[in-house]
Amino acid sequence: MSAPINGTVEKSYVPGAELWCQEDETAITEPYTYVNSMPGKDVRGRFIEAANHWLHVEPEPLAVICKIVAMLHNASLVIDDIEDNSQLRRGQPVAHKIYGLAQAINSANYVYFLALKEADQLKPYQREGYNSHEIILGALTSVSDFAAQDLLYSVFSDELVNLHRGQGLELVWRDSLRCPTEEQYIDMVNKKTGGLFRLAIKLLTACSSNPSTIDYVPLFNLFGVFFQIRDDLMNLDDNEYEKNKGFAEDLTEGKFSFPVIHGITAQKDNSVLINVLQKRPTTPPLKLHAIHHLRNNTGSFKYTETILNSLETRLRGEIDALGGNPGLLKLVDLLSVRK
């Protein structure tokens, strides 16, 4: 067994974090920081601020919750862009095209754990004696013995599990070219897109200074579904989306989005949409052909708008039933597709 040459070398082989510095931290988080610095509408952050109209969380924990959700969201975008082989994110080249796959993956995964560490800061603000897992953890929890679990970590882990389950299903459908039903799609969206909305409202409820036992999770589940279906429509039928993310990028990704699912289901004997998804088109002609088919042959855009109008009506009704919320109504107005 060879001996170390000197004390410095010997020390460098002793496990520990004493050599870690801010320069290292900056270097490994750079792909995430790149995405995080891109200008966006921060819809989730605005939802959190609006929901606090009901829950009255103090400014310090409110800022932590906003930070956690933003970290998870932007880290997930880095991974999504890799899994979808995207080229643009908010009008800029995606992170993995600049930093490479390996650095981008590691950076995003690292930020997931940094976000979990941020949850430690919420413990002093957790409502004393508030141990109702029916309200906080909801029906999707896998926790069998709440008394033996840490509420904040349970919320965090459950919703990250849901997010990855939803994303996994979407990838399986895409790669196997298997069109889901609308019901399966809604369930997937509730897991994937709804996860961060639920995480936010559950953390807000856990830290609320308002003793109310109202369950706001169903409302935020509805928001998640509404938000994703609208995003699907905008991807195929909106000029602003084209400038920011690319023209009909969902078709290039082979994604079974809500309008596409309707188009396939409406004409089961017509394989045009399946064929387009299989080819993952990167140039306009095939995309324009599919969009024309969805708009004029199957009426899928009109159908999607009808569903969104119905969901919007439900959202407004739920908000009113919960006592009203001007901030949330402004966000519904912002996202509305009503002419």
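Heads up, the Cβ atoms here are built off N, Cα and C, so glycines get one too.
Lifted from Swiss-Prot, the feature list:
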BINDING   K41, R44, H73, R90  isopentenyl diphosphate binding site
BINDING   D80, D84  Mg(2+) 2 binding site
BINDING   D80, D84  Mg(2+) 1 binding site
BINDING   R89, K192, T193, Q228, N235, K245, K255  dimethylallyl diphosphate binding site
BINDING   D231  Mg(2+) 3 binding site
SITE      Y112  site 'Important for determining product chain length'
Three-class DSSP secondary structure - K255 (dimethylallyl diphosphate binding site): coil
For R89 (dimethylallyl diphosphate binding site): DSSP state (helix, strand, coil): strand
D84 (Mg(2+) 2 binding site) and D231 (Mg(2+) 3 binding site), Cα-Cα, nearest whole angstrom: 16
Candidate recorded positions K41, R44, H73, D84, Y112, pick with smallest Cα gap to K192 (dimethylallyl diphosphate binding site): H73
Isopentenyl diphosphate site shell beyond K41, R44, H73, R90, criterion: Cβ within 8 Å of Cβ centroid: G40, D42, V43, G45, A70, N74
Which recorded positions sit within 10 Å of K255 (dimethylallyl diphosphate binding site) - Cα, from K41, R44, D80, D84, R90, Y112: D84
For T193 (dimethylallyl diphosphate binding site): DSSP state (helix, strand, coil): coil
Residue, out of the binding-site residues K41, R89, K255, whose Cβ gathers the largest set of other Cβ atoms within 10 Å: R89
Inter-residue Cα distance where the pair is D84 (Mg(2+) 2 binding site) and Q228 (dimethylallyl diphosphate binding site), in Å: 16
Whole-number Å value for how far Y112 (site 'Important for determining product chain length') lies from H73 (isopentenyl diphosphate binding site) (Cα to Cα): 9
Proximal but sequence-remote residues of the same chain as D84 (Mg(2+) 2 binding site) (Cβ under 8 Å, at least 6 apart): E249, E253, K255
Nearest of the recorded positions (K41, D80, R90, Y112) to T193 (dimethylallyl diphosphate binding site) - Cα to Cα: D80
